[in-house]
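J.: The structure that follows is given in the form of structure tokens.
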Amino acid sequence: MLKKFDKKDEESGGGSNPFQHLEKSAVLQEARVFNETPINPRKCAHILTKILYLINQGEHLGTTEATEAFFAMTKLFQSNDPTLRRMCYLTIKEMSCIAEDVIIVTSSLTKDMTGKEDSYRGPAVRALCQITDSTMLQAIERYMKQAIVDKVPSVSSSALVSSLHLLKCSFDVVKRWVNEAQEAASSDNIMVQYHALGLLYHVRKNDRLAVSKMISKFTRHGLKSPFAYCMMIRVASRQLEDEDGSRDSPLFDFIESCLRNKHEMVVYEAASAIVNLPGCSAKELAPAVSVLQLFCSSPKAALRYAAVRTLNKVAMKHPSAVTACNLDLENLVTDANRSIATLAITTLLKTGSEGSIDRLMKQISSFMSEISDEFKVVVVQAISALCQKYPRKHAVLMNFLFSMLREEGGFEYKRAIVDCIISIIEENAESKETGLSHLCEFIEDCEFTVLATRILHLLGQEGPRTSNPSKYIRFIYNRVVLEHAEVRAGAVSALAKFGAQNEEMLPSILVLLKRCVMDDDNEVRDRATFYLNVLEQKQKALNAGYILNGLAVSIPGLERALQQYTLEPSEKPFDLKSVPLATAPLAEQRTESTPVTAAKQPEKVAATRQEIFQEQLAAVPEFQGLGPLFKSSPEPVALTESETEYVIRCTKHTFTDHMVFQFDCTNTLNDQTLENVTVQMEPSEAYEVLCYVPARSLPYNQPGTCYTLVALPKEDPTAVACTFSCVMKFTVKDCDPTTGEADDEGYEDEYVLEDLEVTIADHIQKVMKLNFEAAWDEVGDEFQKEETFTLSTIKTLEEAVGNIVKFLGMHPCERSDKVPDNKNTHTLLLAGVFRGGHDILVRSRLLLLDTVTMQVTARSSEELPVDIVLASVG
């Protein structure tokens, strides 16, 4: 018996767990009691509890000792004590995977399963199914069928749930129990009906027609179980998504009808299903939103929370649909449950008007200190969305964010605020100086290294372009004096960027950098020495290449290439063009967050997608000597429909003078094996097909890869755009679908694929230039050309910008892909690297009158990339 002071002991942490210091050997020794007669039920049940505790705590039981304990436990079936019998069932289930010859208890369990004691029958079914494998299942099939339709609900449910588990290993046997499951689905018991429907669905889930018939049958006759209704709603919504069904479908009508069910859980499940259906219009959402609106005033906190959480999700895509609930949501702002209040506020922030923002900010500030960091992050994300929606309100929102930044909080919370402030600075030029000033104050007392270095990077990028850049120097240099090495290194880089862009400040910056040369840390000293030497040259090209824009290569790729160079010494200097370019802009790489504690741990450099392709292609003898891989297409191109007999996807790999087309092929016919599979290509331009590398064998549903190597045009190197007609050729061998054995003889066949396009974007790799003007000056005007074009089919600047960026495959710089409102002129700045490692920059001036006129100026370190860009645009 538990004593009265046990609760107090539990709270104090002393003596609360009677099994805390159990030893496996002692417990197994105690298990010998099972062999004694007469059986002591209380003592034996206590020992079984200890064994179960050890197993669930992860204690390893050897096969021999587990088997001995299991066999001893089987003798306890001689006792009729109900508690001991239930403990035996639990022990059988837990030890079924550890002990050997557990089937010895089959007869005892079968006897209990078919006996008159109802309290034994359900657990006996579950235990029996746990020890039964696919070879023994047919022996108990008759008993299982009887149990499924048993009039005792606990027995029927046990059999149905056990059948569901058995589906994984014995699908064909369990499938024969469908008639019994259908009979159980008509039960008046809510759990039996629910479990029966679950079994029926999992048996038929791969047959869409059968699932549709099942839904139709049960929705027509109605269901008694609210759990069954919830499951049918989920099945129906999944079916709607898979079939991309119209909202006129009977399935949607069924889900909508469940909004009028008498059970709250069914009503909520239906509302949740509707709002989560892709492509739902505001009109179709209206009934679900109305139901959720009613739940907002429910006396049950769980219902209010569910409603406001779902409305919050709806507001992300359809804020206008939730506007009708604003009054109810405002009432929830003062809810005693802070989670509900926070969700209500963030939903209002997404749906509220511009005029209500000030009032909402005051309401939020009244309880921000009372909610957890997790919900504070939700509030910050809502404010970020609001800044994009109402840019004129950025001053009010930024002041609120700055007050939040000064409060106590964890890393994720502070990072969310900093992210939001930076996004406001990037979107609103007039907020830049205010935002930078507040961030300067924040890093004066910032405990998070990742955030401090990120803000210093931002100051180095944006600070020199402000009206009074010198005011930021004090804050940056304070970091050099007061912070640890990682932040000091970031501060040195930021100082160098000010010196590289402002000649008046250069002497002062050089003085500060000379002080940093004596730093204790190697990284800080090296950076200061490097930047000092570059800045003292007073050359814009050097500043742009080594300070303002830096390397655009993959850092893991650079590490691997340098390691390989040291392992295989060469008289030739290291060639930076052999390193793959960064697949993501470096600005994005720097902002990726890493926990501060993990920053100093050695990391294993993961191979990028392009490096994996590089290794795969280098292993093909025909591709030796092609040089480093320049670019792989970001997404494979589908050359067949997904439902056809052969599924072919192509990835384009670009080298300096060649292209390799990688065809990933899947044969979906189970009565055929394909051999010597190649894709024959016919180019429309001066490309030359050099060789085909076949996929030797393509069995059913096993992917294989073949390649086609082509040489780039030499006579007219500007003709890079090309259309290839593709035909897959192969040898077909018929095979037995069951065994997979193919015939010895085969026959030649072919399959026409979709045409494959090669565009200028396949020859240019995106590169981010943080300072486009510096990069423009660095490249110089030796190879500069300019032409004017009319885009007659395009009617807006936004459309023109989007089309140009996509067509050229270059990276928009300095947020020039964002077109300001109510403007009829815009300048788009694009940067990239042409195959061979040549920088290519494009400045495109756009003018909107009746159509869009575009003046394109291109610069490169070589003439060919400029000619190709202008020829492609023309």
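Here, residue 1 is simply the first one shown, and the rest follow in order.
Note that Cβ sites are derived from N, Cα and C of the backbone, with glycine treated the same way.
The compositional bias 'Basic and acidic residues' annotation in Swiss-Prot covers 1-11. The annotation region 'Disordered' is assigned in Swiss-Prot to 1-21. What Swiss-Prot lists as repeat 'HEAT 1' is 64-101. Feature annotation from Swiss-Prot assigns repeat 'HEAT 2' to 283-320. Here Swiss-Prot flags 322-355 as repeat 'HEAT 3'. Under the heading repeat 'HEAT 4', Swiss-Prot lists 356-392. Here Swiss-Prot flags Thr594 as phosphothreonine, drawing on similarity to another entry. Sequence annotations record features per position, and here Swiss-Prot assigns region 'Interaction with ZNF289/ARFGAP2' to 609-874 based on similarity to another entry.
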J.: Give me the DSSP three-state residue breakdown of the repeat 'HEAT 3' (322-355), ordered helix, strand, coil.
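T.: Each residue of the repeat 'HEAT 3' (322-355) counted once, the result is 27 helix, 0 strand, 7 coil.
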J.: Determine which residues of the chain contact the repeat 'HEAT 2' (283-320) at the Cβ level, with the cut-off under 8 Å and only residues 6 or more beyond its ends counted.
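T.: Hits for the repeat 'HEAT 2' (283-320): 247, 252, 256, 259, 264, 267-268, 270-272, 274-277, 328-329, 331-332, 335, 337, 339-340, 343-344, 346-347, 350-351, 385.
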J.: With DSSP as the yardstick, break the repeat 'HEAT 1' (64-101) down into helix, strand and coil residue counts.
T.: 29 helix, 0 strand, 9 coil
J.: Please work out the helix, strand and coil residue numbers for the repeat 'HEAT 2' (283-320) from the DSSP assignment.
T.: 32 helix, 0 strand, 6 coil
J.: For the repeat 'HEAT 4' (356-392), how many residues does DSSP put in helix, in strand and in coil?
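T.: Helix (H, G, I), strand (E, B), coil: 32 helix, 0 strand, 5 coil.
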